[in-house]
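Copied from TrEMBL, the annotated features are:
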type: ACT_SITE; residues: E1288; note: active site, proton acceptor
type: BINDING; residues: C65, C70, C73, C95; note: [2Fe-2S] cluster 1 binding site
type: BINDING; residues: C134, C137, C169, C171; note: [2Fe-2S] cluster 2 binding site
type: BINDING; residues: F365, D388, K450; note: FAD binding site
type: BINDING; residues: Q790, F821, R935, A1102; note: Mo-molybdopterin binding site
type: BINDING; residues: E825, R903, F937, T1033; note: substrate binding site
type: DOMAIN; residues: 27-113; note: domain '2Fe-2S ferredoxin-type'
type: DOMAIN; residues: 257-441; note: domain 'FAD-binding PCMH-type'
Amino acid sequence: MAPGPVEPAVPIESTQSLTSVTESYDDTLRFYLNGTKVVLDSADPEVTLLEYLRGIGLTGTKLGCAEGGCGACTVVVSQFNPTTKKVYHASVNACLAPLVSVDGKHVITVEGIGNVKQPHPAQERIAKSNGSQCGFCTPGIVMSLYALLRNHPNPTEHDVEEAFDGNLCRCTGYRPILDAAQSFSVERACGKATANGGSGCCMENGNGGGCCKNGVDGEESEPVKKFTPPGFIEYNPETELIFPPALRKHDFKPLAFGNKRKRWYRPVTLQQLLEIKSSYPSAKIIGGSTETQIEIKFKAMQYSASVFVGDIAELRQYSFEEDYLEIGGNVVLTDLEKIAKEAIEHYGITRGQPFEAILKQIRYFAGRQIRNVGTPAGNLATASPISDLNPVFVASNSVLIAKSLDNTTEIPMSEFFKGYRVTALSPDAVIASIRIPVAAETGEYMRAYKQAKRKDDDIAIVNAALRVSLDESHVVESINLVYGGMAPITIPAKKAEAYLEGKTWTDPAALEGVMNALEEDFDLRFGVPGGMATYRKSLALGFFYKFYNEILAEIKAEEEVDVDTQAIGEIERMISTGEKDHGASEAYTQKILGSERPHVAAMKQCTGEAQYTDDIPVQKNELYGCLVLSTKAHAKLLNVDPSAALDLPGVVDWVDHKDLPSPEANWWGAPCCDEVFFAVDEVFTAGQPIGIILADSAKNAEAAARAVKIEYDELPAIFTIEEAIEKESYFDHYRYIIKGDTEKAFEEADHVFTGVARMGGQEHFYLETQACVVVPKPEDGEMEVFSSTQNPSETQSYVAQVTGVAANKIVSRVKRLGGGFGGKETRSIQLAGICAAAAKKTRRPVRCMLNRDEDILTSGQRHPFLARWKVAVNSDGKLQALDADIFCNGGWSQDLSAAVCDRALSHSDGVYMIPNIHVRGRVAKTNTVSNTAFRGFGGPQGMFIAESYMSEVADHLGMPIEKFREINMYKPGEITHFNQELKDWFVPLMYEQVQQESDYARRREEVDEFNRTHKWNKRGLALIPTKFGISFTALFLNQAGALVHIYHDGSVLLAHGGTEMGQGLHTKMTMIAAEALKVPQDSVFISETATNTVANTSSTAASASSDLNGYAIWNACAQLNERLAPYREKLGPDATMKELAHAAYFDRVNLSANGYYRTPDIGYVWGPNTGQMFFYFTQGVAAAEVEIDTLTGDWTCRRADIKMDVGRSINPAIDYGQIEGAFVQGQGLFTTEESLWHRASGQIFTRGPGAYKIPGFRDVPQVFNVSLLKDVEWENLRTIQRSRGVGEPPLFLGSSVFFAIRDALKAARAEFGEEKVLNLRSPATVERIRVSCADPIIKRAVVEPREGEKSFFISI
């Protein structure tokens, strides 16, 4: 880590005057925590609320990103709100909140609202509705729902849908969480609702007055009974934690506390704040801390004096004046939302237009947790060039009232921004209030626009506030066209404004003139900072085009000029819904197996009681590690000097490659040992570990890591596959599959087409980052390793290597993972090995949990792929041959890249019979992070290549893609290109069923009609099939062991080789054991996965863990049943396990059994193309429909219908969760998730939720239907219970959204006469969608690179 800038310590004279100003201030924090009073006389000024909570043992609140972007740390802070004069329960990001901010308030954490024995209804409903998989994000989601219910005991469906815009989940696909939350909504919790067997809720029946429960229907009626879904606790708001009466009369005293490094000041009057600013102008003013805490955490900024202004009531007032609204600078954005609504009511819709614009921008401004603390003054003072509110303030000609001790200054917003992050505010002044003028009664029009990578909780790419005043003859009197994201500051389009002044709005020439002027105003160069030059320019033009036509429509100018009404408005989502077939397993449900049951740990996860690696209590003498990572993509290491770091307080040691038992011990990697734990003389990627600092706290370790001095000599670096091909930089791995005679087929076929398929990688973004706690034992070099890993055995093996002992001295233990998805299969070993080396050296326990940015920098991603394909096809649509060169970007070390490439080759046929195939695979060697396993493991990339050539070839032939797929689909019993017969093959059947069940043909007609009648919005449909081979491609990994103990009391302890990472493996395994032993499921317990109970385990991966471990458990239980058979006979069929075990024990019968299983029949040989590659194929089909706005690239998935063949499901509830979660993760892979590297530094740019966009709650399909294949026979399936693996296969179905977008883009291009076949690269980001269109606006916005000019970002 590079040393960060340090603000100078407080000068002596300022200290003296500050001391005199604040000498009467109190130094004690007083607040309530979960109903209990807390008094802190010596609070650490540098800890956040999250660090405080976790430090006192309340570990239910999690650290997911440290930037307020994921919501894992959400708590509720109840407070008396000085703006609304009511108690408000604010959901807050504890990772950002300074401890000083909770003085006089009530902090409620997930532990404070319920526990496993007595859960809160919010906790219970999410748990029982399968809304928690890995569970790491769950406490934050529970607290967001809790905040909603505390503020709105009867929320609407819309309130519920928007309550989670500051939360992310990587596992569930969000649908079950939303369903659980919607059970509290007035529409669904009403006893009258048709869904609940009533005659219809008053809102369903069109009661304009709203809900009768809100007391607004005017009649004296009996209160309607709230409907509680069967099996759930009734929600009664009267039983909630009360707001402590003492806090209602809490005396907010000015506070001053801290230490030599940092002091906090908390004035409670404006006068006190101005006195502080006068005596020490450079004191850092903190409102919501949403920006400052990120600067401290990630940019190493140090503010020696910070002033928290959130409790100054004067700055949180508002007033409606004759011609303006005045709001206090520190009104929080949530209150500003309410104030804006009130203002629209007060001034009327016409005069209230500026407040409508504010309301629109706030709706998508960050997440609710940020809006609950963020303020307009903070937004203005930080002067972000992409602030959503600042353009509105500038365009509305707002005025800032700045106050210092001596002066009050009015600063017009048009003069406020001076340069990048520089304003006209004097150092000793604060923004006291903002005056926002109301619009004129006639002739004034104002609108606001924003486009981001993702709709909710995302920073803008470009935003705008556009305002015009017209006289009676529509001549422009005044105009403000203000944009964000187009320059280093919020900026007006001056040339366009000057051009329009005095022009007639209805003059058709005016539009062309403005467009030309806008092009001059925003003449971005290709390599502009932030990238996306063409897209940003097109948005500036597109926003004005929308505005121009919207105003024409409003002034009813249709007779004078052509009004393009279709450019008006934007895509609006409905309330999302979904259906599942809960009767799918009825035909084969046994006593336990086949039934829907919740995840065994769900309730613990929902109450914050589930323990993850970093929740393990701190050990005695424990040290905290912080990795020192390379900042260069490729360089010689000239010097590494930790001496300055070792001199810092609390720092204990520095560990690097010299501390390992031998140079050989530094090497690791699977299957090729080509990577080092610590860099030696050279670094090959930015983010490669060089060493680790050990200190007595995580904060001290972080500060010291930045102080390690490293000198580099930079070397040339390779980033993309294209560069690697050009420089012939490959790993030593080459594989091919040949079937038939491709050359002959190309000669004889009617048509031959060629193309390129290209897709980017994907960050795992498991909510729990890589984490490890290593505890050395005093004897024999023994060590316990608690690691968040999918691979305990490999962890054990490499820890033994770096500590120089045999594997039998190392115990690797895993309770659960907060998500894995393949990212903790091999990459977790790096951190475990480093921590173990550190623990060995210091003989003290060592803990390290990576920050999100460190995790992304060092832990690898899904492999980007490039394929050059050539396809032969006859005029009847029958495929004749495929020839393809397939390349994946392996990164700087090989890791599992070879196997990923192999799987892509085996899946490059998709589900299509191609008689002649020759595919070849290479792994590109680059200087990016080492790419690794990720759910699908090359399968989705191979199938994406297949669907890409299928789509493009169908377009070349002019044939509907659905028909083209059907013509070429494998039939039962046909042979794949790797010579495996397709048994139990149901893709054609599901392809037909999905079309029928989703009404596909009718919807295709509707989509075509919509596209004929809509110029700018287009819809698309796609129907995507999948087959996914189940088995590890490395033969030796297809084995598993299990250990089953039966105790005297009849309870069963189960251990197996698989780890629980949210996928429900432990749930399925306990069900299998319970069914086999004929005991209730709650009698079976799995404590953890550990190498001292089951040895030599394979990693939990390849969707094979249920198959392998399930059969091993069945095998162990069969042995126990054999031993218990005489006792069952003797004691009768109704004997309990307690009675059986008791009797057997006294007869000296062994009640422990080792089970084992290995997959039969498989053993493929590369080259000769012989042997069976996979044990079977999991299959599925999905249909998706999207709508895109071609003026902005914005889009929404209107509907998705999925059908999966999972055989006889062990637990349909768990399988549905996997299908929904995989689909949404796949949708992210192919749409919003784009990894970008910063060209100048060679470092990854997308290193947190601020820049990297996984799907959020409002990105899921608006209608999301999932079903399982039923009423068929699985004759050849020889798995446990005849079930199929389900973790990875559904992921590729998310590409149906991508191909639906492509379908919509075809219509958009045809609208403007573009007939060329579209080659769409994945992911289909909003930028790619927009620039793939062919309209005149995008054509005039194109920015070409000048000679030698390169893009700001690299997309690898």
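Each Cβ is built from the backbone N, Cα and C atoms, and glycine gets one as well.
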Remaining residues near the recorded substrate site, that is with C-beta within 8 Å of the centroid of the site residues E825, R903, F937, T1033:
G822, L896, A899, V900, D902, A933, G938, G939, F1032, A1101, A1102
Can you give the largest Cα to Cα distance in Å, as a whole number, for the residues E825, R903, F937, T1033 that bind substrate in the record?
17
If you pair up every Cα among Q790, F821, R935, A1102, the residues annotated as binding Mo-molybdopterin, what's the maximum separation in angstrom, rounded to an integer?
12
Using only C-alpha positions, which one of C65, C134, E825 is spatially nearest R935 (Mo-molybdopterin binding site)? These are the binding-site residues in the record.
E825
List, in sequence order, the residues of the same chain other than C65, C70, C73, C95 whose Cβ lies within 8 Å of the centroid of the Cβ atoms of the recorded [2Fe-2S] cluster 1 site.
L50, K62, L63, G64, A66, E67, G68, G69, G71, A72, N93, G140, R852
Close to A1102 (Mo-molybdopterin binding site), taking Cα pairs within 10 Å and only the recorded positions C70, C73, R903, T1033, E1288, are T1033, E1288
Go through the binding-site residues C65, C95, K450, R903, F937 and tell me which ones have a CA within 10 A of the CA of C137 ([2Fe-2S] cluster 2 binding site).
none
Consider the binding-site residues C65, C134, C171, T1033 and say which one has the Cα lying nearest the Cα of F365 (FAD binding site).
C65
Could you name the residues, excluding Q790, F821, R935, A1102, of the same chain that surround the Mo-molybdopterin site, i.e. Cβ within 8 Å of the Cβ centre of those residues, in sequence order?
G820, G822, G823, E825, A933, F934, F937, M1061, T1100, A1101, S1103, G1287, E1288
Same chain, not part of F365, D388, K450: whose C-beta falls within 8 angstroms of the C-beta centre of the FAD site? Give them in sequence order.
Q361, I362, R363, Y364, S387, L389, A448, A452, A460, N463
Rounding to whole Å, the Cα atoms of F937 (substrate binding site) and E1288 (active site, proton acceptor) are apart by 8
By Cα geometry, the one of the binding-site residues (C70, C73, T1033) nearest C169 ([2Fe-2S] cluster 2 binding site) is C70
By the count of other Cβ atoms within 10 Å, pick out the sparsest of the binding-site residues R903, R935.
R903
Nearest of the binding-site residues (C70, C73, C95) to F821 (Mo-molybdopterin binding site) - Cα to Cα:
C70
Which one is closest to K450 (FAD binding site) in space, judged by CA to CA distance, out of the recorded positions C73, C134, T1033, E1288?
C73
With DSSP helix as H/G/I and strand as E/B, how many residues of the domain '2Fe-2S ferredoxin-type' (27-113) fall in helix, strand and coil?
14 helix, 31 strand, 42 coil
Do me a favour and check the Cα-Cα span between C95 ([2Fe-2S] cluster 1 binding site) and D388 (FAD binding site); whole Å is fine.
23
For C70 ([2Fe-2S] cluster 1 binding site), the nonlocal same-chain Cβ neighbours (under 8 Å, six or more residues apart) come out as G64, C137, G140, N167, L168, L767, P1249
What other residues of the same chain, not counting C134, C137, C169, C171, have a CB atom within 8 A of the CB centroid of the [2Fe-2S] cluster 2 site?
S132, Q133, G135, F136, T138, R170, T172, L767, G818, G819, G1062
For the domain '2Fe-2S ferredoxin-type' (27-113), the averaged pLDDT of the predicted model is 96
